[in-house]
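Engineer: Take this structure first; my questions come after.
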Amino acid sequence: MKPEQAKAEIEKLTEKINHHNDLYYQQNRTEISDLEFDKLLEKLIALEEEFPQFKDSHSPTQRVGGTVTKEFATVYHKYPMLSLSNTYSQEELEDFDGRVAKALDGEAYEYFCELKFDGVSISLTYENGLLTRGVTRGDGVRGDDVTANVMTVRNIPLKAKGKNVPPAFEVRGEVFMPKHAFQQLNKEREDIGEEKYANARNTTSGTLKMQNSAEVARRKLDCFAYYLLGDETGLKTHEESIHKLESWRFNVSPTYKKCKNIQEVLEYIQHWENKRQELPLETDGVVIKVNSLEQQRQLGFTAKSPRWAIAYKYKAQSISTRLNGITYQVGRTGAVTPVAELEPVFLAGTTVKRASLHNANEIARLDLRIGDYVYVEKGGEIIPKVTGVEMEKRPKGSAPVVYIDKCPECGTKLVRVEGEAAFYCPNLDGCPPQIRGRIEHFIQRKAMDIDSLGEKTIEQLHLLGLVKSPADLYDLKKEDLLRLEGFKEKSAQNLLAGIDKSREVPFESVLFAIGIRYVGKTVAEKLARYFKTIEKVAAASKEELLAAPEIGEKIAQTVFDYFRNPESQREIARLKAAGLHFESTAKEPEKESDVLGNKSFVISGVFEKYEREELQEIILKNGGRVLSSVSGKLDYLLAGDNMGPSKREKAEKLGVTIISELDFEKLMKG
Ligand code: IVH
């Protein structure tokens, strides 16, 4: 493609993508499928890579991330980010209203109510309509510059568009992880045997501080804007500023309301007390702001917070009920989770019968006894949790709960891995929920995508002794399926066709499907791309696994162990015989030169211009080798920032040449 053609195409694609983004995020509508959208984005990414001179710094491709920030710069806020004074009581709210009335000396005033979003506050700076900086609250005076990560949040406009956009302004808002995204993330973690995150807010906070913005993009954060600051906005009320934000394409929660007096504020609070559970994010109260900006100026600030606003916090909804028993669930990885079986009780809009108890330590910490009356709370967590015991009601003669020592499903003695809170059932191949779990994992959409197979069918297939491992699926015959409840000629044929079609699934999905602990979809993709074939992954030493991009100690160990287990070896052999793909079809990177002359490199730390993965690729394409650990035989240690001191010491001791990114570029020039 000629440059002028590329330029026009980049502009056309940018406009198209922005249009679809707007539809999706501002109007909740779609005109094209996700797949079509991703294709447009991929096309733009490819063109921008080929013609970087035409890449706009605020291109929608920024949303995909890819920037690696080693350390977030601390920057000063132009306007300090104050907190709000809090209250839990109606009286204190009425006192606040009294103070406002008094300070305004008889002038009429109105309030503007919004929900208090439970996320992480963010300051967004715009210059000439472009998002130039995203900063966390920090200590209120200085925060962390997390711009690259903020740019991946799809409903934060990279360009503010609309009428009268001032040359410079700042928007405050709350970045959050929607409930469904949080559940999804936890499901994915559970799926690969990682511990689940406890709540969405802390996860959001951790996500915003991740070094690789591509990972942030995958986490699907959102943002609600609730405050506009600037010298020349020409606005008179907070309400106007909220409407302005909406018109400039910021995402504003439609739950706000202007209230004429404190009575209306109290009604608003009551209205949302339970209804807020239906919202897509966690909220923990209501923020009440004096609407007139002039009156806000009159009221001013205390050292910590504005006098014109207050946060009313809902009490964490809690209730006491009887602990009837404790049951234990066994997951795909064999991890055992205790569950409190409760006397059903109505709490915050739903009947609660069960609550998570996390692990044995939590039961001991709460000193639980069967028959106790326990406090159950619905807080930031979606699943209710037990927070304490009502001691006065403790039944006489009760004894502390003794944690089970045998698997409730198969009777095998449980084990505990050092450093982990959970107990595990080690009976991988004989414990029913582990077997069913592995098959459910294998057939899921992101894996082999056999959608005609549901949980019920899997259970039946297992009960009838037809399927004990994923490989058994490929031996199923029509006669077998006709033995299943509700199965007829047609449904049996459909299922067999689904199984047959899964043979086309690419290697990276197969590698994910076989269910190696900690190997999620992204890791499977990385391994498949790096090693190309299952034989190479299986034969890799721990060292060689560690040399693959983004593979750490924990994953390297589980992958290594998996392929040394005779049971896994048999399973892989059978899946291979069934015709599944065990070889990557992705193209080999073309060799560019031999300038590095078979020299070996260890890459460590974070780099200014390149991601580690990029450096690896450059080395491999130019005749070098990449190793993971420093030894006497190593030629170069390519050192970035934040490299562990022990690596440097070892290299120095062994006389290995330590080179910087710049030195490497010189080497590449030959
Ligand atoms: S207004 C000058 N509105 O609550 C005060 N804050 O305790 C500007 N928050 O750090 C804040 N929802 O992170 C405002 N609708 C809302 C909010 C909100 C959540 C958070 C914000 C702030 C904290 C104050």
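Backbone N, Cα and C define each Cβ position, glycine as well.
Bear in mind that TrEMBL entries carry predicted annotations, made automatically and left uncurated.
What you see is a predicted model, and the numbers here were worked out from it, not measured in a lab.
Copied straight from TrEMBL:
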- ASP34, LEU35, GLU36, PHE37, ASP38, SER83, LEU84, GLU114, ARG137, GLU174, LYS289, LYS313: NAD(+) binding site (BINDING)
- LYS116: active site, N6-AMP-lysine intermediate (ACT_SITE)
- CYS407, CYS410, CYS425, CYS431: Zn(2+) binding site (BINDING)
- 591-670: domain 'BRCT' (DOMAIN)
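Tell me what's around each of these sites.
Structural biologist: Reduced to three states, the DSSP call for GLU36 (NAD(+) binding site) is helix. Cβ-based neighbour count (10 Å, all protein chains) for GLU36 (NAD(+) binding site) stands at 12.
In the three-state DSSP reading, LYS116 (active site, N6-AMP-lysine intermediate) counts as strand.
Taken residue by residue with DSSP, CYS425 (Zn(2+) binding site) is part of neither helix nor strand, so it is coil. Within the same chain, residues at least 6 positions away in sequence whose Cβ sits under 8 Å from that of CYS425 (Zn(2+) binding site) are VAL330, GLY334, VAL336, CYS407, GLU409, CYS410, THR412, LEU414, CYS431, GLN434.
With DSSP classes pooled into helix, strand and coil, the tally for the domain 'BRCT' (591-670) is 28 helix, 17 strand, 35 coil.
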Engineer: Could you state the whole-number distance in Å separating the C-alpha atoms of ASP38 (NAD(+) binding site) and LYS116 (active site, N6-AMP-lysine intermediate)?
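Structural biologist: Rounded to the nearest whole number, the Cα-Cα distance is 34 Å.
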Engineer: I'd like to verify something. Among the binding-site residues ASP34, GLU36, ASP38, LYS289, CYS407, CYS425, which ones have a C-beta closer than 6 angstroms to some atom of ligand 1?
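Structural biologist: Checking each Cβ against ligand 1, none of them comes under 6 Å.
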Engineer: In which DSSP state, out of helix, strand and coil, do we find LYS289 (NAD(+) binding site)?
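Structural biologist: Reduced to three states, the DSSP call for LYS289 (NAD(+) binding site) is strand.
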Engineer: Need one number for the NAD(+)-binding residues ASP34, LEU35, GLU36, PHE37, ASP38, SER83, LEU84, GLU114, ARG137, GLU174, LYS289, LYS313: the maximum pairwise CA distance in Å, whole number please.
Structural biologist: 44
Engineer: What does the structure give for the C-alpha distance between GLU36 (NAD(+) binding site) and LYS116 (active site, N6-AMP-lysine intermediate)? Integer Å is fine.
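Structural biologist: Each residue's Cα considered, GLU36 (NAD(+) binding site) and LYS116 (active site, N6-AMP-lysine intermediate) end up 36 Å apart.
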Engineer: For a quick check of understanding: among the binding-site residues ASP34, ASP38, which residue's Cβ has the most other Cβ atoms within 10 Å?
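Structural biologist: Checking each of ASP34, ASP38, the winner is ASP38.
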Engineer: In whole Å, how far does the CA atom of LEU84 (NAD(+) binding site) lie from that of LYS116 (active site, N6-AMP-lysine intermediate)?
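Structural biologist: Per the Cα atoms, LEU84 (NAD(+) binding site) and LYS116 (active site, N6-AMP-lysine intermediate) stand 11 Å apart.
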Engineer: Taking the centroid of the Cβ atoms of CYS407, CYS410, CYS425, CYS431 (Zn(2+) site), which other same-chain residues have Cβ within 8 Å of it?
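Structural biologist: Those within range, site residues removed, are VAL330, GLY334, PRO408, GLU409, GLY411, THR412, PRO426, ASN427, GLY430, PRO432, PRO433, GLN434.
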Engineer: Around LYS289 (NAD(+) binding site), which residues of its chain at least 6 apart sit with Cβ under 8 Å of its Cβ?
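Structural biologist: Long-range Cβ contacts: TYR111, PHE112, CYS113, GLU114, HIS238, GLN296, TRP308, ALA309.
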